[in-house]
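Before any comments, here is the structure.
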Amino acid sequence: MDILIPLLLSSIYVSSSAAAAETDAAALLRFKAFVHKDPRGVLSSWVDPGPCRWRGVTCNGDGRVTELDLAAGGLAGRAELAALSGLDTLCRLNLSGNGELHVDAGDLVKLPRALLQLDLSDGGLAGRLPDGFLACYPNLTDVSLARNNLTGELPGMLLASNIRSFDVSGNNMSGDISGVSLPATLAVLDLSGNRFTGAIPPSLSGCAGLTTLNLSYNGLAGAIPEGIGAIAGLEVLDVSWNHLTGAIPPGLGRNACASLRVLRVSSNNISGSIPESLSSCHALRLLDVANNNVSGGIPAAVLGNLTAVESLLLSNNFISGSLPDTIAHCKNLRVADLSSNKISGALPAELCSPGAALEELRLPDNLVAGTIPPGLSNCSRLRVIDFSINYLRGPIPPELGRLRALEKLVMWFNGLDGRIPADLGQCRNLRTLILNNNFIGGDIPVELFNCTGLEWVSLTSNQITGTIRPEFGRLSRLAVLQLANNSLAGEIPRELGNCSSLMWLDLNSNRLTGEIPRRLGRQLGSTPLSGILSGNTLAFVRNVGNSCKGVGGLLEFAGIRPERLLQVPTLKSCDFTRLYSGAAVSGWTRYQTLEYLDLSYNSLDGEIPEELGDMVVLQVLDLARNNLTGEIPASLGRLRNLGVFDVSRNRLQGGIPDSFSNLSFLVQIDISDNNLSGEIPQRGQLSTLPASQYAGNPGLCGMPLEPCGDRLPTATMSGLAAAASTDPPPRRAVATWANGVILAVLVSAGLACAAAIWAVAARARRREVRSAMMLSSLQDGTRTATTWKLGKAEKEALSINVATFQRQLRKLTFTQLIEATNGFSTASLIGSGGFGEVFKATLKDGSCVAIKKLIHLSYQGDREFMAEMETLGKIKHKNLVPLLGYCKIGEERLLVYEFMSHGSLEDTLHGDGGRSASPAMSWEQRKKVARGAARGLCFLHYNCIPHIIHRDMKSSNVLLDGDMEARVADFGMARLISALDTHLSVSTLAGTPGYVPPEYYQSFRCTVKGDVYSFGVVLLELLTGRRPTDKDDFGDTNLVGWVKMKVGDGAGKEVLDPELVVEGADADEMARFMDMALQCVDDFPSKRPNMLQVVAMLRELDAPPPATAI
């Protein structure tokens, strides 16, 4: 009997264990049922009844499931967490890295209560975190929900928990975290990459075991709490990219400093100086204080004691004084970036000691003087040297040739002289050599071409002599070659055609002769451009007018404040605008042909090669001030991306090819001072450009010059000359005949004048009566849509002319505007917005214009209004609604615009009911509208002087002309209103709900990246057919949040407008279109593309895939 009882109990135990294992297997199979895709066969073994042998499953000694790890399995479908609730022994759950495995955040409360560790990072988790979900799991210590699409707030979630590690980085969570209470057990807290606001929680000082604190990329404000310095074991402190103020707490250099390895406070508004107490941080490897307002000198003691530091990032501050010699003590220092400060004095002679680890030395945009120390060659690992915009003088030390690892040597705008050292040819890894704007002379050493990996060579504005060496043809990776403004002579070597990666060629202002090589436009594109120019920050400084030669220049702009350009003497004399900055142009890696070609200010002769028309992405072509002959090739009309075309001051003949009408991106053309003839093509943009750009061609006619019909034909002129040369009749007969004619003419003229005077007087009386009636109705307000403010003095001004920018409206008066709108009646009202009401006016000749009546403001005066009008009136582009004129009378301000017959995109897309209007816009039409609106906004950002931030980009400000071409409207309005009214809050000028970027709610500081966000919302409207705000559709969120949530859930197709046919190539285009739109509406401005990049992406949307070699 004693033996039977244990056997019976054992049998019962085995039976219950087996039953429990079967329950675990059933739970896992229920979970598997919701997984629709398993491309890697992760769950293929989940078939036999024993779950402990299944992949990703770990069991205890009793055969119960304790761990489920399906990380990076490529699973797709839905993670049904409720199915796992029966796994009551499950301690660890890892579903990370399954981006298409969607998890409802609300299900986080349905997991087994025994859970210790939870990792759902990099997955499809979306929604709000349930209140108190951590309290459901008393043993839970480690939670990682990073890089998902979580929303909602954090406060209260960490209460009553034993959490040791909590990571919700890279989500869309928000709310004020100032008052959140944190558990004393906390060791790792990562809230980075969200939208949290408020101050850094003071409760952090109670987390004595905290080792990692990452609050970067949020909207936190206030000072860094002094109490953080009391956390003895803190290893990582990252509060970068917030709005923090105050100084770096000196307390960080006390208790916390003993273990601190990473200190990041960059991209805030931190002030004060670098505390000397940081000299105690012997373990510090990364010190990042960049992009703040830190001032004072670099404490010598700090650099002398940070022997473990590897990265010293102090750029973009106001740090002054000289660079301490003690930097040589930082034996482990790999990256030293002190860009954009006020560091002065000479570089320490012992900056580099033998065996130093230094790889990057960046000191651009400072006040460093003296010579370059030859001892830099001791830093044998140096890859990057950047000393741009300083006061260095003397020659480049030939000892730099010993730096065999050197990849970038950038020293533009200094006072360097001497020659380019031939020893640099030993730097076989050299990719970038930028020495422009110095006093370097001599020829280009042939040894330099041993550096066959060169990608960017810029020697512009020096005193280089000799010829352009044919050895440049060896450089198959050469993408940028700038040799402008030197004394180079001879011919352009045809071997440049072998530079199969060449994108940017600027040889302007030299003494070059001969013809333009035909191979230049024909031999490009045979080498893939992968990796070329990667890591470079580019800026194109474009010259305006003729104060400086050439179109402009491409600069390496990393670590340089844009305003510093204004202080560069050689640039200060130029009228310039910074046209483009950012990463390498995306089109380069796709098409592999020249984008920029400037050969102006030379002595080139011969004809313009037809082959230049094969450069499909060419944006700038400047051949001005040469001795070119022949005709402008019609093939250049194939350059659909061409923005600048200048062939002025040559000897060209013939006409302007009609193919130029297709150049929709053209914003500047100058063909003046040639021998061209014929009519200027009236299609496209050529007729809208200034007449001065066609001057000096006596044979040219048509808008914007005199109409061709106004010129007498040659035969007529010959006939008049012949008549003038015939013999006169006898004198007496002529006198008798003339007397009779004169008498008749005088009598007729007198009668005609009397009749005309009577008619004019009668017409004036009728007009006066009509004007008085109109004025009365305007002031009564009974027939009008608005309230008018006209004093008695303005009654006499109803005949005032409208100041116009178009010839056909030269004689338009205010009275005619009243008549054309029936007294600005409600029937003529076609729209209203934040800046005023818009009326349709039908003029006497049947043409229509749109009239915007600005809101009444406390105007500062007429000068500001007229100055803004003159600026806006000169802005002309195919994709902008042109301002035709303006009228000022009393307190009224009227703007006259070209009328857009198809109304706004908002009306066309949404109609009156909030859904797509009928007939629905096709996908091709939507793409066309997106491209046009992008070009218009891009023009405002980069081509207008001064640049214009729209501030209210939305679908109602995208108008459609008769050809359904998009025109951006209301540009410049926010700036005009703010210039006229001193009492208008900036917040009222910052956009329309649904289009306003999140950063505007924090600072109200409008930027071009804010416009990009608003444009991204317009793209989402085109894609979804939905308005940006609709409580029925989106509840408490908006279109942007709704689309992000759907895409995060893997349901991106559900957001597409039902009116669109999604199939074939269109489906792929829509996916790319959505990806581009989501880039535009990224919460972080720095992650959004600029409009130049958006235009390029839209252009590539329709581009055929690049041809492959056979």
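Using the three backbone atoms N, Cα and C, a Cβ is placed for every residue, glycine included.
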Matching range for Swiss-Prot feature annotation, motif 'Cys pair 2', among 381-388, 701-708, 853-860: 701-708
Top Cβ-contact partner of the repeat 'LRR 16' (453-474) among 257-281, 501-523, 641-662 (pairs under 8 Å): 501-523
Helix, strand and coil counts within the repeat 'LRR 18' (501-523) (DSSP): 4 helix, 7 strand, 12 coil
Helix-strand-coil residue split for the motif 'Cys pair 2' (701-708), DSSP-based: 1 helix, 1 strand, 6 coil
Secondary structure content, the repeat 'LRR 1' (87-110) (per DSSP, counts of residues): 6 helix, 8 strand, 10 coil
